[in-house]
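What TrEMBL lists as domain 'Major facilitator superfamily (MFS) profile' is 12-468. Here TrEMBL flags 12-36, 56-76, 88-106, 112-134, 146-164, 184-203, 266-288, 303-325, 332-356, 376-403, 415-437, 443-464 as transmembrane segment.
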Amino acid sequence: MRSRINYQVYTTAVFAAIGGFLFGYDLGVISGVIVMSKFLLVFGDQTSINRGSLTSSIAGSIVSVMSIGCFIGALLAGQASDRFSRKYSILLFSVIFIVSGALQAASFNLSILLVSRLIAGISVGALSMIVPVYQSEISTKEIRGRLVSFQQLAITIGIAVSFWTNYGTDLYFPSSNASWQIPLGLQIVPAFILAIGIPFFPFSPRWLMAQGRDGEAFAVLSQIRSCSQRDILIEYNEIKQEIAAEHEQSIRSYAQLCHFPLRRRLILGIGIQILQQLTGINSIMYYAPEIFKQAGLSGQRAALLATGINGCINMLATIPAILFLDKWGRRPVLIAGGILMSLSMLTIGSIMGIHGHTLFNSTTNIAEVIIPSQTASYTIIVFVYIFVAAFASSWGPTTWLYCTEIFPLSMRAKGTSLTTAAIWATNCLVSFLVPVLLERLTYGTYLIFGIFCLIMAIIIFLFYPETKAHGHSYIPPKNTNLIGQTIVITGAASGIGRVSVVEFARLGAKVIIGIRGQERSEEIAQELEREANIIGMNRIIGYNLDLSNLMTVKNFADKILEHEENVNILLNNAGIANLSHSLTVDGIQTEFGTNHIGHFYLTKLLLPLLIQSQARIVNVSSIGHCFIENGINYDLSSSAYVPKVAYDQSKLAQILHAFELQQRYGQQGIKAYSLHPGLIHTGITRSIPTYFASIYQLILLIVGKSLYQGTQTSLYCSLSDNAKPGIFHADCKEAKASPLAYNIKLAEECWNFSENIINEKPKFF
Ligand code: BGC
């Protein structure tokens, strides 16, 4: 992985995150302010004053009017940030925020307060869209999750600071208007810092290039990256190519978002933001003191204190996301978060339902939940905290990040502006409905959110692709040109073999693929030429090859020897697993016969040409070989057959094969490698026993790789000068193999055994 991380990128992302702080502060401050007695006197109507708290419609309007503003702001921000740049748009909306903050603090009636909160909303909504886009555009893909999570951390810090400010002013100025004016006015300070500071930070290099300001973009990249000039040039060229491709497809207007291929992304983006709000997070963020009162905490101050703690938990629980989101990926985090949130909400609702008594207070006109059991009320509070922690480390940061990742550069601002508008529209609806629901359904509200959270986890599992940058990518040097080279790949009909063919063909190589059935192999060769965008160039050639039938292996090799002058890479990629016991056409146990003997024979037949071409031989093995402890059991009869063991043995044999090839032919210019591609959902998993299938799915979900990721180590061993001949690799580097993998005696024994088999077999032809 190239190191391009510079402290400047971090500083810029952290500074821009002040926008997130404003978002959080403005969002959190209102929950405490609306329950203050002085606030009630200024903004409440007679009914509110009589009952001692704002009516749900007034409270709902004060809270949700800001979300309406946010909705408008998010829509405006797409155009603004494309036109005026990301950074000047941040400046513009910070200034608007300052004005609205002053107005809020100086409000003396409900209408002025509502208007000023609407204006505040416009800037918060705009900043909530522009900041993550700016952060993701200055970042490198390896740390994008982390940088965008700074925005969420800042939101949570904003919320926590606002909670504690409310607590403090309520404590020190209980009978003065300062109790609500200070919290509302204080938000001007960070907005002022953001407005003054942002002009000193760089433009987004991607935005600059989209404007044709390439020279400035290159200068910015040189300033914010600590890597070599060459790597900066690579990144610069990547962005340039991306922009050129988008220009070709004329992806520019909002209308494009409604058509293939952007429509699906827009639906995913809008969907995930709506779902984020349906978790019910803001039922807690906006109405936390009310909820803690419902949970049995008596007294205004106790509820505010519990809310303050809540804010801190929200903030601290965002830190794991900053540290691990880039590592774990988006999907597992969203699914795990959804499940945990669901369990918490269902527990809160059930305990309230079982232990609480709902009383209708005719003086206040409100349904109140009384929970006589202190244990029950504390358990509820603990689960509220667990819910918030689960949200903060999963859905909180991830949905914002996800939306910046799904759109191409030219549509990022416009696309994200729509997804952000969607979150605010839902936020508005939820914030308006929650007080009503809490009043009418009481504990049922939490049960509903609990069910939503579970459904969301399922939706993510079924429909949302992973957007994390491809881990451990092998990026061939920019000038890699395989024109004139011939590459032979087995198992190219599907899975990582297929992706490898496309990658090699794109780099200019002629690729010969071995697939069962002559007609099928020709068809797939054509399909792959289309995928690689080289249709009609005859650079991918399909021949019949069935590795479980040594006769076809011989025919396949003969065709290559007859037509090719060189073979520069032999990628022994095909593999089968977990079948019930069976024998190959030649009477060899099927896994061993196909995965190892078939490839052993093919390599042997091509060896003269491989030596002449100074070729690389790459065996796609598996980490599963580590389960073999006592060497290979060459008695491959059915009584000794255990599917997993048969597979793992064949994979150990492939590693020993590469090791021994290196020993025997290294001097003659051969370089042989073995590798583990990673856990990938490919055809090979089809035959996994049903009882294990769901567990395996879960494992794949957590540590699994995409097909593209799974191809990377094959590319690395085939092309990189850093790959180590004779050695086992994984994740584009040398990997820990079983001690048996480099056992000289075992390697020789396996070689001799395999050679005996293929020497005996000619009688079958
Ligand atoms: C959400 C807000 C929420 C906040 C809580 C954000 O990601 O969009 O609605 O209040 O997280 O920390």
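Cβ atoms are placed via backbone N, Cα and C, with glycine included.
From a predicted model like this one, the values you see are computed outputs, not experimental measurements.
Taking residue pairs at least 6 apart in sequence, the transmembrane segment (112-134) and the transmembrane segment (266-288) share fewer than three C-beta contacts under 8 angstroms. On the 0 to 100 pLDDT scale, the domain 'Major facilitator superfamily (MFS) profile' (12-468) averages 87 in this prediction.
Between the transmembrane segment (56-76) and the transmembrane segment (332-356), fewer than three CB pairs separated by 6 or more residues in sequence fall under 8 Å, so the two stretches do not touch. Counting Cβ pairs closer than 8 Å to the transmembrane segment (12-36), the top stretch among 88-106, 112-134, 184-203, 376-403, 443-464 is 184-203.
The stretches the transmembrane segment (112-134) and the transmembrane segment (332-356) do not meet in space: the count of Cβ pairs below 8 angstroms, excluding pairs fewer than 6 apart in sequence, stays at fewer than three.
Spatially, the transmembrane segment (146-164) is adjacent to the transmembrane segment (376-403); three or more Cβ-Cβ distances between them are under 8 Å for residues at least 6 apart in sequence.
If one looks beyond the transmembrane segment (376-403) by at least 6 residues along the same chain, the residues whose Cβ comes under 8 Å of a Cβ in the stretch are 128, 132, 136, 144-145, 148-149, 151-153, 155-156, 268-269, 272-273, 275-276, 279-281, 284, 288, 291-292, 295-297, 306, 309-310, 313-322, 325, 330, 333-334, 336-338, 340-341, 344-345, 347-348, 351-352, 354-356, 415-416, 419-420, 423, 464, 467. Residues 8, 12, 15-16, 18-19, 21-22, 25-26, 29, 33, 85-88, 90-91, 94-95, 97-98, 101-102, 104-105, 107, 138, 158, 165, 216-217, 220, 223-224 of the same chain lie 6 or more positions beyond the ends of the transmembrane segment (184-203) yet place their CB under 8 Å from a CB of it.
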